[in-house]
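A.B. asks: Questions regarding the structure given below will be posed in turn.
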């Protein structure tokens, strides 16, 4: 039968249809996905004959999915497109060269070199006039004078080398980051049904017609239409701006859109649009992902004088973006607000980044001052010597000669500046981070934001989940309470009556996600594989242990027959499924935290399988005799129950009425063993000065038992264990607001937060970060796996998401993904983070020594000899050594266990410690003494001609060649000294493990030999004899001996030494700058300093920000940041027939986590989660069972004291003491023991 829609297809669509051999075209599907609710249903039913018929047109099976035939998949990609957003083309090498040329100091040096080059060819009339000053006059010197152009050319050549090296580094960095980006994209997979099998497929390989399995926590990778759903709720705020979750069902609204988040429930959808044809892809295209086209349009608009009355896209609070309709009052009002808008605080940069920028500004100021002073003194010296002392007149024919001198002085000054400015600093940071990130992958840390790597080195606290992180996430049922009997081991199925066994099997098999399965082991003799939710897998394993087949039950009751599903969420803490009874009526199976489910039970099955009354007293006895002993063994307790309904259908939306009067079938104890390596890892954290806190949804007894096994709690420690409710009661005032002062009294001793919600976790993390208690501010790392962990992961300094158990939303919010979900991987991240910090410090120690010596030598030489002993080209070579090569050598040191034996650095600890300052000044002292002796007495010692006060264009001298060679060799050996920055004696320790370091030092030494022996005039060098080389080498090796002497001097005795490179302290922040970050304070200092052109130093920030090319996902804020904010969206781009509603588009959903969408290929990465936009306080969602609190007075009376591990009583109200041995704990009595125990699934 022909469908009506076949007759209304446009001609071009029919052509496409015939070409693709599908019953619908790309444009038809695009238009279909723009519809919502009833409109969409009408279109699907009227024009396509329902979802089933649409699947037929797309040649796919709603149950089996696509066959997976490669030819069919390729055909679908050709017709409907790939599920990727075309990335922006990477910058070409020439573009990177052009960017490197923009450096201010290099530009000035280039100009000076060109002037020098031009003047060298100019032969003024008065060149041979003695009144014009000291010029080469001998025949030999005249040849040299004619070769005066060489110096200018050599400087230009050196600049070209520096530029090419910089561009190559940038190119290789971008290439590496794109490689890392591809790795992240490969990690993003989605559940797809193909050929009847559920497989995990990379999102870029999804095609139109695929059947996708949708579940809680997923980030939808493509547009689709719902085929089957269970209590499905979607957060569409990323597209519509609507903050409420949207219920999706077959009869109301089946449209699922890419970039939206599954907040609840599960289901299946048929994919209808991918890539640029999906709703997210269309909007990204409109917003200008293809910047080149936008730029062309803007240029044309300017040429044609087009008035700019298009829409403005504005960012707000760094997280939200809103596009207003044309000429709307709302848009006008917002424009007015924009005019009055105050600068919004940006997200705080990393600790190291802020310190580096601040230090670079300080060094830059000092370098600029010394450079200007050098030029001034050289000119002053020249003027006084020629026009005052020698009383020479200023002759017109002498002007070009004087200009040549001035240009030479200027070149020397600029060269001093080039050496002084720490240009290698950003390179060292980037190399160190990139190297660390690459190596961290092998340690199961997939770094999404590069700065998180070094921030982890500063971590002072880790708030860790329990399940899967501290434990193995290999759950098994080991105890059960059924029919009034507590089974300490799994019983034989023969002990149960058939009807009881059926209730257990059905209650578990039906009331679990059908994606949770137990599969045979991969290797013979291995453990069965658990797929899906681990708690549900434990229950399914219990069914298997009872010799029953859960799959047979599911085949009898397929997902399509489930009448109503109340899926698990952080509010319900339970899951319930309703099915129709064959004999009429309904049956509902429920499972969840034992305390919550038992509170809703009024009957329980006895030994005979009969339902008997279950009173409050019975419930309390059960808690005391069954649940508490299980919890003290570290078991999670889950209750299974059911309820029958008659034929009269109740109001299923009234959960409080539905989820009552249950009959308890069983309570099971689930074991999740502690990972064997975790106690040792936590001991290392304690040694490293890092406090580990466990934040879990389990009850207090289970949490305390696990924390004790892990080593978080030890007997005798004065630490707190609190439940979420008690925690909130202690930190909030009468209005329910969190008070920092109250929180500051709790968190220092808090070690376990049990029965906590995601909001509690966020409150704790925010409180610790914002706290000013203690000597240093805390740097907090957090682990999370659920959708609701997004706010805490965002707030934390470093957010760790679980790679295996984590939802897409949690991964999008994280900085690092733990690919093995293991706590020990976090400890490795700490090691790498500290190693990055040490690598930067090593480089700083080395570079600042070079800076100090080179600048002082040039300055002093200028003052005394009217020339710099180190020539411009030589200094550029030194600059190349200490920038590119040294950063490569010192930034690639592998970490060692000794890094964990030190305390965290903290936010305000300086980059340059007093020990480092001792090393810098000590080695600078040695080098300066040697250089000055060589400059002023070297010719006598070596019996050679002096190179001081050489005339203009004079040939290179052996004297100054020895000075240059000795200087470079001292830097090479000091590079070995710089490997150790904490006063260690053995600087060669582990040197052979770092092949890069050895290669760089050896390579630099070989290059130095070639420069000295064959460099000639361009490098101002002449060849040296063997004895001169040996002397230079001996003085260089003296650096190592001198280093031993310096390390023997105790730093404590040198109290006059000061530290440098602090972060911004509170006292330094003015009132109007409180919202700004470290970078902003550094920039404000620059503005005060009136050194506008010196803002080229911000290359450091720019180069560190190459991190952004590596970050995953994208935000529209990132898209728009690259555009001129005055540029409006061209509404004409939107076809009237497919008008996209963008009135509040993407409101409160676009975030900073990822800033450059053009680096992303997968559309799956394009949206981040609206929950990440955190207000100062998050409203706490009340739990269902909180409404059933019998008496608030009893509750407060119940929690009166906290018992510490050493038995000491504190005034904190807490129902859950911290005693390790549950049998010795005197629990306070109350009407209901359940008030002390609340567990989450």
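Placed from the backbone N, Cα and C atoms, the Cβ positions cover glycine too.
For reference, Swiss-Prot lists these features for the protein:
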type: ACT_SITE; residues: 465; note: active site, 4-aspartylphosphate intermediate
type: MOD_RES; residues: 13; note: phosphoserine
type: MOD_RES; residues: 328; note: phosphoserine
type: MOD_RES; residues: 1102; note: phosphothreonine
type: REGION; residues: 294-318; note: region 'Disordered'
type: REGION; residues: 1086-1103; note: region 'Calmodulin-binding subdomain A'
type: REGION; residues: 1104-1113; note: region 'Calmodulin-binding subdomain B'
type: TOPO_DOM; residues: 114-150; note: topological domain 'Extracellular'
type: TOPO_DOM; residues: 377-409; note: topological domain 'Extracellular'
type: TOPO_DOM; residues: 861-870; note: topological domain 'Extracellular'
type: TOPO_DOM; residues: 935-952; note: topological domain 'Extracellular'
type: TOPO_DOM; residues: 1016-1025; note: topological domain 'Extracellular'
A.B. asks: Compile a sequence-ordered list of residues in the same chain as the residue listed as 'active site, 4-aspartylphosphate intermediate', six or more apart from it, whose Cβ lies below 8 A from its Cβ; state 'none' when nothing qualifies.
C.D. replies: 694, 695, 696, 783, 784, 785, 802
A.B. asks: Per DSSP, how many helix, strand and coil residues does the topological domain 'Extracellular' (1016-1025) have?
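C.D. replies: So the topological domain 'Extracellular' (1016-1025) is made up of 3 helix, 0 strand, 7 coil.
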A.B. asks: I need to check the long-range neighbours of the topological domain 'Extracellular' (861-870): which residues 6 or more away from its ends have a CB within less than 8 Å of a CB in the stretch?
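C.D. replies: Residues 374, 377-378, 381-382, 385, 409, 412, 415-416, 854, 878, 931, 935, 947-950, 960, 963-964, 967.
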A.B. asks: With DSSP as the reference, give the number of residues of the topological domain 'Extracellular' (377-409) in helix, strand and coil.
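C.D. replies: Secondary-structure composition of the topological domain 'Extracellular' (377-409): 27 helix, 0 strand, 6 coil.
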A.B. asks: Summarise the topological domain 'Extracellular' (861-870) as counts of helix, strand and coil residues per DSSP.
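C.D. replies: Helix (H, G, I), strand (E, B), coil: 5 helix, 0 strand, 5 coil.
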